[in-house]
């Protein structure tokens with residue numbers, strides 16, 4: 001995890017000098033050049049990593065489970081596909097960067113940034129006025145756009161798709177913000193309230209974008225235009241296609257491959273060997289169906305394995321001042337996707353035959 005974060009940070013610093021100083025002056029920043037980017041780069045790296053971790057959570061029991069190869073987005077080797085899943089990776093990574101920058105700004109981690117008090121004193125609605133310390137989402141959005149969108153240098157349909165989904169991620173941060181209020185009045189009568197906007201939990205943003213992923217729109221596009229945006233005609237046609245979609249919606253251009261199957265060229269491991277859930281407390285219906293989705297619907301069987309877990313238990317405090325625990329063993333039953341026995345036997349036979357030929 002730490003190595004991944006450092007790799008993201010190093011790559012961002014490599015690409016940062018391509019931003020122009022004029023872009024910074026427009027936004028009234030106190031610094032220009034590489035120093036300014038260094039100020040925010042640590043937050044950007046953490047935000048990108050948080051986005052990937054949220055992706056793994058949201059897709060933990062899906063056939064595509066946000067594998068490590070998705071980090072190619074942050075390192076700008078490029079997610080070559082333009083699938084529904086790619087759209088989510090761009091959106092959640094962009095949201096993660098904006099979220100972390102906004103939160104760090106409100107916490108006073110940056111010298112040139114603080115709370116958003118631009119609306120303070122204005123009447124917000126019946127019985128309440130704007131006040132307090134609103135999270136500065138505008139700042140987070142602006143810096144996130146410079147860093148994340150700045151990595152997208154192409155002009156073809158795939159590049160525009162990535163930029164659109166980056167923006168959808170930032171909009172998700174703003175759309176999920178919550179109004180928090182404090183009451184004022186004699187003896188707590190709450191005759192008037194002072195309210196401010198706060199960031200939602202990042203899990204709420206992940207849930208929001210997961211729904212957007214499930215409802216993502218496919219844009220039908222000429223494959224030649226997807227690869228080439230150089231001509232004015234191509235750029236115009238691509239721009240027209242994108243303009244019909246709301247900025248908060250996720251879009252994709254290509255159908256997803258079969259994630260049941262292993263495909264080395266695409267970096268897909270398939271679902272064989274994946275764990276699934278059949279029983280347990282507080283499982284959602286989606287989680288309970290994971291064995292069907294990952295195993296049986298992919299032509300695999302569900303294999304039951306018993307695992308022994310050793311953990312501390314019956315801990316007691318002894319004066320003074322130690323805690324002594326017993327070591328307890330617990331057998332846990334887990335379920336995994338495995339090949340059907342007939343398929344495994346056929347595979348073993350083929351391997352033996354190859355061995356004899358050698």
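Each Cβ is built from the backbone N, Cα and C atoms, and glycine gets one as well.
In Swiss-Prot this protein carries:
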type     : residues : note
SIGNAL   : 1-22     : signal peptide
DISULFID : 55-66    : disulfide bond
CARBOHYD : 104      : N-linked glycosylation site
DISULFID : 105-113  : disulfide bond
DISULFID : 115-133  : disulfide bond
DISULFID : 181-195  : disulfide bond
DISULFID : 183-190  : disulfide bond
LIPID    : 187      : O-palmitoleoyl serine
DISULFID : 260-298  : disulfide bond
CARBOHYD : 263      : N-linked glycosylation site
DISULFID : 276-291  : disulfide bond
CARBOHYD : 282      : N-linked glycosylation site
DISULFID : 295-337  : disulfide bond
DISULFID : 313-328  : disulfide bond
DISULFID : 315-325  : disulfide bond
DISULFID : 320-321  : disulfide bond
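Secondary structure from DSSP puts residue 320 (disulfide bond) in coil.
Put simply, 276 is the one of the disulfide-bonded residues 115, 276, 315, 337 whose Cα lies nearest to the Cα of residue 66 (disulfide bond). When the recorded positions 104, 105, 187, 190, 337 are compared by Cα distance to residue 321 (disulfide bond), the shortest distance belongs to 104. Rounded to the nearest whole angstrom, the C-alpha distance between residue 328 (disulfide bond) and residue 190 (disulfide bond) is 53. Residue 133 (disulfide bond) is 9 Å away from residue 195 (disulfide bond) when you measure Cα to Cα. Residue 190 (disulfide bond) and residue 260 (disulfide bond) are 57 Å apart (CA-CA, integer value). It is 325, among the disulfide-bonded residues 115, 133, 295, 325, whose Cβ has the fewest other Cβ atoms within 10 Å in the structure shown. The most crowded of the glycosylation sites listed here (263, 282) is 263, judged by how many other CB atoms sit within 10 Å of its own CB. In the three-state DSSP scheme, residue 55 (disulfide bond) falls into the helix class.
Among the disulfide-bonded residues 190, 325, 337, the ones whose Cα sits within 10 Å of the Cα of residue 298 (disulfide bond) are 337.
Take the Cα of residue 187 (O-palmitoleoyl serine) and measure to each of the recorded positions 105, 263, 337: the nearest one is 105.
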